[in-house]
Amino acid sequence: MSVDTYTETTKIDKLLKKPTSHFQLSTTQLYNKILDNNEGVLTELGAVNASTGKYTGRSPKDKFFVSEPSYRDNIDWGEINQPIDEETFLKLYHKVLDYLDKKDELYVFKGYAGSDKDTMLKLTVINELAWHNLFAKNMFIRPESKEEATKIKPNFTIVSAPHFKADPEVDGTKSETFVIISFKHKVILIGGTEYAGEMKKGIFSVMNYLLPMQDIMSMHCSANVGEKGDVALFFGLSGTGKTTLSADPHRKLIGDDEHGWNKNGVFNIEGGCYAKAINLSKEKEPQIFDAIKYGAILENTVVAEDGSVDFEDNRYTENTRAAYPINHIDNIVVPSKAAHPNTIIFLTADAFGVIPPISKLNKDQAMYHFLSGFTSKLAGTERGVTEPEPSFSTCFGAPFFPLHPTVYADLLGELIDLHDVDVYLVNTGWTGGKYGVGRRISLHYTRQMVNQAISGKLKNAEYTKDSTFGLSIPVKIEDVPKTILNPINAWSDKEKYKAQAEDLIQRFEKNFEKFGEKVEHIAEKGSFNK
């Protein structure tokens, strides 16, 4: 053990043994601390609402991985996975530990990430704020008892000091905020931001490194299971309908965001859900609304003096959130794991209006679309700007994957082959024209298409290959108008459709160039018109 490692271990032990380090507090005890410390307010729903200050989302430009000899050759360095040297990290780490040692109170939670016992990550979370500790308790997997928690020897420790501000010139960061992951020292160091999601996504990034090293697929997706044990995975970026479509009263939820896929099947990495709360209503999303009760946390929502919550008010951010234990949802699998997937759904919201509402992908096409991670952003719509912008996020979650994207794509391809998984690309975006001209595909029709896919009814259906993209489109789907299945038929001007489709194909190809020679085999067989 090096001197630095010895010192940091001693400092961590000292923090954990402080009389004012509150260990494994109950929800009620944490509520009392949150309210006594003015960290949040109680709402009429029973949840507490906390403000995250000026950072109402993640700070991807302030996230670093420590460049350490045993790990540096594995990480896909670049704008997303930024390096920081070990010496710089250790100096900052010790400063943060010394800072926390001077705090009147700290909050400690021990738990797990990963509901599969063989690959479960044991965690210690040290928080400056009580509400962050409740967040950790809600989002990670909770031990059965306090006694069990005392026996946990962590594989990874989160040290969270949101009120500690870094000095970039001295500390080697880019701003006052930092999220630094060290695989050698097995720590996630967070400072300068009160956005609690950094803890959740930090551990997800760690699992996205560790699991593939054991030939286990890690995935940014939601998952559910039917009465017959049939499992479906939903991949999709923000705004594609992932949460809405995977919340099905006839299917049990495995998890809403982070999963692994090993030799036994699919398992949830988390013990909670972190749902978007903007415009939330009981009518639209009853499962999520009913989960916001005693024990849950709301982030950055607007709360009146009488405790009522206005979910439509976005004065602080569009990114309002609700964090709650998964057992706040009635319709769940316990424990949070199931068999191998039967169906994978890739969701995209195509604002260009040219991708079919549903198409069946072969393995190569699935790998291509997984690496592309396409959806559309509607930039500047509040000013009447109607030009959609394509958005590509590798693996449907580029900020969270430290290894080269082909590691994940190759694993996915192998698993699709091994378990004969049906993969569908579902467009929840526009038809009959691009945004501003066409119309949004009806949620009712999308649900019907997804339900037919998951039920297996589309497995051996009749398909036609569209001439533009080379995608396999079902000839008919029960209760869905035939006219919308092939997008060219929904456009009155066929030449405009072809021009728009060709433009999108070129954008896909340009995006794929960033992967270089490593993905030539995927582009060769999986891209459009192949």
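Cβ atoms here come from the backbone N, Cα and C positions, even for glycine.
Swiss-Prot lists Arg58, Lys201, Arg321 as substrate-binding residues, and of the candidates Tyr195, Tyr209 the one it assigns to that same site is Tyr195. Summary of the site annotation: Swiss-Prot records Mn(2+) binding at Lys201, His220. Screening the candidates Asp116, Asp118, Asp257, Asp290 against this entry identifies Asp257 as the one listed for that site. In the three-state DSSP reading, Lys242 (ATP binding site) counts as helix. Taking the C-alpha atom of Thr244 (ATP binding site) as reference, the shortest distance to any of the binding-site residues Tyr195, His220, Asp257 belongs to Asp257. Spatially close to Lys201 (substrate binding site) yet at least six residues away along the chain are Arg58, Pro399, Phe400, judged by Cβ distances under 8 angstroms. Sequence-distant neighbours of Lys242 (ATP binding site) (same chain, 6+ residues apart, CB-CB distance under 8 A): Cys221, Ser222, Phe234, Phe235, Gly236, Leu347. Taking each Cβ in turn and tallying the other Cβ atoms within 10 Å, the top scorer among the binding-site residues Thr240, Thr244 is Thr240. Take the CB of Ile441 (ATP binding site) and look out to 10 A: across all protein chains shown you find 26 other CB atoms.
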